[in-house]
Amino acid sequence: IMFWLEIITLLGVVGKGLDALATVAKWLHVNGFKDTLALVEDGIKLVQNFGSVILHSTPHIYISALPFMPPDALLSAMLLPTFSGLAGVAVGGLKGWPVGQQLLHGHTLGVQSVAFSPDGRRIVSGSRDKTVRVWDVKGGVQIGIPLEGHASGVISVAFSPNGKRIISGSLDNT
């Protein structure tokens, strides 16, 4: 799982990687592979909790994410002994996987508007930095590059009903 996480991180397709892991998890569940399912679920939770960090620097899968995984996670129990040179967490480590929450890093000024896609898989955000950004909900990572073109801050964003288009409104009256 870890090498595969490295590849999807290097390719910048963490969101698609999460979709693939979810598909694998469903298949494992249906076919009764409980131990392997636990590993895949830990991989999903690792990306959900540390996706924004590892997307910026792939080695942080091992430097930051692995040491901070809950000690009772099967993936952590299997891998930590093989990486003896990693920093340890003496106090304040995770006791279990946290409830899903993400900080979306990217805008340089305040966010004025956000909207979920109709399928709930993406978020669009508009900011005073004059950009519109699209985010993957599961991975908490930006999809593509910032959308630019407004001369003033973006104050409203929305998805079309089919989720294929995004509209934005700005203080520049466009």
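Counting begins at 1 with the first residue displayed.
Using N, Cα and C of the backbone, Cβ positions are placed for all residues, glycine too.
Feature annotations, courtesy of TrEMBL:
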- 1-20: signal peptide (SIGNAL)
- 104-138: repeat 'WD' (REPEAT)
- 147-174: repeat 'WD' (REPEAT)
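Same-chain neighbours of the signal peptide (1-20): 39-40, 42-44, 46-48, 51, 54-55, 58, 61-62, 75, 79, 136, 138-139, 141, 143, counting only residues six or more beyond its ends whose CB sits under 8 Å from a CB of the stretch. Across the repeat 'WD' (104-138), DSSP assigns 0 helix, 17 strand, 18 coil.
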